[in-house]
Every structure is written in structure tokens, then in C-alpha cells.
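Noted in TrEMBL for the protein shown:
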- 229-258: region 'Disordered' (REGION)
- 38-61: transmembrane segment (TRANSMEM)
- 73-93: transmembrane segment (TRANSMEM)
- 105-129: transmembrane segment (TRANSMEM)
- 141-164: transmembrane segment (TRANSMEM)
- 200-219: transmembrane segment (TRANSMEM)
- 270-288: transmembrane segment (TRANSMEM)
- 308-330: transmembrane segment (TRANSMEM)
- 335-358: transmembrane segment (TRANSMEM)
- 370-396: transmembrane segment (TRANSMEM)
- 403-426: transmembrane segment (TRANSMEM)
Amino acid sequence: MSLLTHLLACLFGMGSWVSINGLWVELPLIVPQIPEGWYLPSYLSVLIQMANIGPLFVTLMHRFRPGALNEAAVIYLIIGVGTVATFLMGFFWKETVVVGGVSRSVALLVLTFFLATVDCTSSVTFLPFMMRLKTQYLTTYYIGEGVSGLLPALVALIQGVGVVHCINSTQSLNHTVNSSSSVTLDLRAEYQPANFSAEVFFFFLSAMMLVCLLAFLMLNYHPSVAREHPNGRVKEKSQRNRKWVEEKPMMDPLRPENTKRRSGFGAGSYSWAQVVYIFVVLAWVNALTNVVLPSVQSYSCLPYGNNAYHLSATMAAVANPLACLIAMFFPIRSLLLMGALTVTGSGVGVYIIAMAVLSPCPLLVNETSGGVIMVLAWILFILTLSYVKVIIGVILRDEGHSALVWCGAGVQLGSLLGAVTMIPVVNVYNFFSSGEPCNTKCP
């Protein structure tokens, strides 16, 4: 296999969700400087779900006009829009406009919508494009997708986003009745200034999108990449050939040609019951990993301290590409293993949600072991379910280009259902509560 092609596939996957992931980790620095305050995360959640109009359009075109949409042109367009939008974000994220007598960060919200449209649409365009390369490179693409969350998180750590120091604050209370006074010791949370500005961080995200664009160019035109097309197949130019690629599944060399098709989906390797099972697991896993658990991460981790919070966020981001790396060497296409890992990851997720519900006083809150268990829970949760996502991608890749388009649609549908569930629970009904960073007292 070509090491260059592996590198390009990784860099290409890195651009899939890097802009929105980067925006989320930068929130502690952005929120104090804009009029929306901590309502911004709920606005972002709504904007991201509205941006599903992009993948909906691509999926409908694929369903009713197969081959009519130039896949490469769409990818060039969305990467270009993402590069420009993140670059403009560096200049205009603090700019406000008075709307209805209230200051609003219109530029930030509009640019965020464009970024969300880019990232959501990547789910139904980047994955099908990887159909042009051998199966091994799909796993490398998933590693890059994991890096799209890891790299912004690491840069934000270097930047010092959300670092809190607890400082002693002495208060003197006078009692006029008995002419006595007492002194109480209290802790005050002090957020440390960032090592570099949000503008620099957005320019960094724009550079990452530009790297993704260059990687995509080379994946299309570099001679060594062309040799990595399955069966030596090259990119077709005509409308008729594009339609053939749209509909033709990959042939499994280990599968006899006269094997009876078990369903009309893809290559027919799976029955309709198995196909439904795969897509239900796909939607469930993405709902948990993309929306449900990230929505309560601060509630589940912050009671154990800022170190536990930052460590869980960073190590969870590391666990994602690690799971993809494991899948590269052990791509086990077992539906039974997929179910077992999904149940395991979901069980760990239940524990995390339970601790978030008990916030600000979860189990073992005053013990070092509590923080250790929470960090390990996040690592295990991301590790198991990320492996499941990669294996589903590998399975559907073998079923053909059309299956990968529906794979991307399933990812977005799961995320949408997760958001519809969690937005009212977290932001409307205030089901979760967080204590003060330094002054929460638990029995």
C-alpha cells in the first residue's frame, strides 16, 4: 500500500469535522466576549441540525437522480466554503448587530451555519469518495476523522482554554449584637488568560481546511494514488460511467459470483433484517457519540475537578483515532461483535449520564478514584463505539458506493435524533445542574 495515499486519506478525513469540533473547544474563550453568553451552545446545536439540509439534498439527489451530482465538484465546493468561513471567523466572530433592539453576534452565527453545512455534508460526500480507493484506506480516513477532534483539542489545551485556578478569598463578617467578628475562607474561581487569541485559533482551523483541500487535490490527480484504485479502476468522466459507479457495488473476491443475493441492498451480502440492524446500530452509536454524551460531558466530569474534565476530553479525543488504528489491523466484520461492543459502550454511557444527573455531587466526588473512573469511562466509551463506527463503514463500503451514501445519511439522522432529544433536556428543562468550579460542597 502507498504510504503517501494513507497520509492523504488521513489529511482528507481530518477536514470532515475539524471546524465545528474546533468551535466547540473554543467556546470557553468565546462565550464571555459575546452577548449570547452560555446560550451560544444551544444556538449552535440548532444551527448544526438546520445544516442537515446539505446532506438531505445530496441524499435525495443520489436517490432520485443517481450520477447527476458531480461528487468531486461538491467536495471542492464544501472544502472551499469551509476554508473561507473559518478564515472570516477570525475577523468577525466578535462583531455584533442590533436586531430587535438586542445585540446579536450575527456574523458568528451565520458563519457557523456555513461551517455546520460543510461538516454535515461531508458525511455523505467524503465517505462515498473513498469508494474510489482500496478498503484499507477507508480506515485511514476514519483515523483522520478522529484527528479532526483530537488536534483542535490539543491546540486548545496549549492555548489554555478554560483553565481555572481556585484562589483563597477571605471575607470578614461583623456581628453588631455581641460586637464580635468572624473570618470565613472561601475559594474564588479565576479563569486564566489564554496564551494566544481566538483569532489565531480560527486561522489555524482555516489552515487545516486548506490542508484538507490540498490532500483532496492530490487524491484526485497524483499518479501514485491512481495505482491504488481497486482493480486498477480509474475515475470515469462521462455521465453514464458516473452512474455506473453510483450503483455498482464492490465485488468481494472471497465471495463466489453465483452466490444468491440475500437482499436488494448493495451487493446483497446481508438480509434486510441485518441491514436494518446495521443502520439502527449506526444511528444509535452516532447519536450517543456525537450529541448525547458530549452534551453532558461537563456535568459528568467537572465535579471531579478541572484536571479530570480536561483529561477526559483529551483522552477521549485520543481514543477515537486509536480505535480506528485498531480497526485497521483487526477489521472484524462480525455483527455479533458489533452488537456486543455497542452494548458495552452504551452501558458505560449510562454510567456517565447517571453521574451527570447526580452532578454536582456524583458518586466518589471527593475521592481521587472517582475522577480516575470517570476518565477511564470516557476512554472506554469512545474506544468501543468508534470501533463500531469504523467496522460499519468497512461493511457498507463492501456493499458499494450507494451504501456509503446511506451510511453518511444514517450518521446525520442519528445525530439529529440525539439533538432533538438532548436540546430540550439540557437547555429547556435544565435536567442537569453544575456546581461552582471552586465552591461546591458535597457531603
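Note: Cβ is positioned from N, Cα and C throughout, glycine not excepted.
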Next item on the list: Could you pull out which residues elsewhere in the chain have a CB under 8 Å from any CB of the transmembrane segment (200-219), counting only those six or more residues past its ends?
Entry: 4-5, 7-9, 11-12, 14-15, 18-19, 22-23, 26, 29, 75-76, 79-80, 82-84, 86-87, 89-90, 93, 129, 133, 148, 151-152, 155-156, 159, 225
Next item on the list: Answer with yes or no whether the transmembrane segment (308-330) touches the transmembrane segment (370-396) by the criterion of at least three Cβ pairs under 8 A, sequence separation 6 or more.
Entry: yes
Margin query: Pairs of Cβ atoms less than 8 Å apart decide it: which stretch in 105-129, 308-330, 335-358 has the most with the transmembrane segment (403-426)?
Written below: 105-129
